[in-house]
Amino acid sequence: MSKLTYFSGIQPTGNLHLGNYLGAIKQWVQMQSDPDCDLLFCIVDLHAITVPQDPEILRRKNRQVAALYIACGLDPKRVKIFIQSENPDHAYLAWIFSCMVPMGWMERMTQYKDKSKKQGERTSVGLFNYPILMACDFMLYDADLVPVGDDQKQHLELAADIGEKFNNIYGETFKIAKIYNQKETSRIMSLQNPSSKMSKSDIDPSGTINLLDSTDAIEKNVRRAVTDSGKDIIYSPQKPAIANLLAIYSGFSGISISELEKKYKGVNYGDFKNDLAKLLVKELSDIQDKYQKIINKPEYLDRILDEGRDFAISISSKKIALVKEKIGLSRSHS
Ligand code: AMP
Ligand code: TRP
């Protein structure tokens with residue numbers, strides 16, 4: 001059986017938070033133990049510029065996210081990490097796909113609808129095309145599985161439609177990738193509002209815990225987290241705030257939610273939150289220590305990103321050559 005390929009990415013914007021870790025990066029780390037797969041993780045800076053970015057901050061965030069990937073447990077000897085804009089094939093294929101995709105498919109994208117409503121006339125054409133570029137990211141590498149949070153599901157469905165359309169017209173060229181995630185942690189909610197997801201762009205800082213937050217900030221936000229009426233610590237749709245805290249606890253401790261329900265039977269919310277705060281402080285300070293070591297070794301990080309880029313190009317350039325051949329972007333048959 002041929003090896004599976006996993007591909008995922010995160011935008012180098014804002015601060016990475018518990019949702020990014022539990023919904024995405026933690027899955028990636030677990031996948032490393034499967035010896036029969038290739039793993040590629042990208043820092044998607046071309047996606048980041050679909051909204052205005054400060055160049056200095058963007059440069060810094062590119063390195064910061066790469067260092068966080070490693071600090072969270074990705075092993076650079078096992079996986080390839082690269083910066084999207086360093087491989088020109090992504091934007092190249094995005095143009096080709098954008099010439100094939102009907103506007104109607106794109107107009108249905110809920111993330112675009114939400115974001116463009118907020119941005120009004122400032123909304124860029126790039127934001128509209130964002131899901132096409134995302135499809136290229138993993139289709140260039142024939143990815144089988146894309147480990148992302150639930151919010152990306154529709155984008156993966158679009159990618160499947162694009163792949164099928166291309167394959168129907170030009171013959172089998174692209175693999176159709178599937179989403180991969182774990183139900184409980186695929187959607188971590190705001191600590192202040194359990195009906196909206198924890199997000200980099202939340203204006204209320206107390207709803208989010210960032211991976212690089214100080215001990216004080218972590219403790220304060222867990223203490224302040226909203227809870228539900230009643231006092232039982234159970235995982236139930238009637239208790240969305242407690243269910244969210246349980247999902248976070250389980251994600252970081254590896255203890256199943258049902259075990260946690262047993263452990264905290266009869267315990268009050270305050271004590272439960274204290275334990276959760278302690279756990280998060282410990283786990284995040286491990287990540288932060290590793291992060292500091294990596295970010296302070298620029299040559300090490302550059303070497304990993306150079307290797308990642310070269311590997312990525314070695315694969316994607318073949319796919320681009322095939323696509324060009326199939327659609328006639330050449331003077332003659334190769
Ligand atoms: P973003 O923050 O939009 O760049 O997302 C990066 C990755 O984290 C994607 O795989 C998202 O699906 C995932 N993600 C973002 N927010 C959450 C959340 N609140 N819960 C679970 N996964 C999330
Ligand atoms: N759209 C994704 C997000 O906002 C980021 C992303 C871009 C991505 N390209 C990707 C994720 C390719 C997985 C695979 O989270």
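Each Cβ is built from the backbone N, Cα and C atoms, and glycine gets one as well.
Annotation source TrEMBL lists ATP binding site at Q11, P12, T13, G19, N20, G149, D150, D151, I188, K197, M198, S199, K200, S201. Look at TrEMBL and you will find 12-20 tagged as motif ''HIGH' region'. Sequence annotations record features per position, and here TrEMBL assigns L-tryptophan binding site to D137. For 197-201, the entry in TrEMBL reads motif ''KMSKS' region'.
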Those binding-site residues, T13, D137, D150, M198, K200: which ones have a Cβ sitting under 6 Å from ligand 1? M198, K200
Integer Å value for the Cα distance linking K200 (ATP binding site) with D137 (L-tryptophan binding site) is 22
Taking only the residues in the motif ''HIGH' region' (12-20), give me the average pLDDT of this model. 95
Pick the one among the binding-site residues Q11, T13, N20 whose Cβ has the fewest other Cβ atoms within 10 Å in this structure. T13
For the C-alpha pair, I'd like the distance in angstrom between M198 (ATP binding site) and D137 (L-tryptophan binding site), rounded off. 24
Most crowded position, judged by CB atoms within 10 A, among D137, D150 as binding-site residues: D137
Within 10 angstroms of the C-beta of I188 (ATP binding site), what count of other C-beta atoms is obtained when all protein chains are considered? 26
Can you tell me which of N20, D137, D150, I188, K200, our binding-site residues, come within under 6 Å of ligand 2 at the Cβ? D137
Cβ atoms other than its own within 10 Å of the Cβ of K200 (ATP binding site), all chains, total 15
Could you tell me the C-alpha distance between D150 (ATP binding site) and D137 (L-tryptophan binding site) in angstrom, no decimals? 18
Rounded to an integer, what is the Cα-Cα distance in Å between T13 (ATP binding site) and D137 (L-tryptophan binding site)? 18
Sort the residues of the motif ''HIGH' region' (12-20) into helix, strand and coil with DSSP and give the three counts. 3 helix, 1 strand, 5 coil
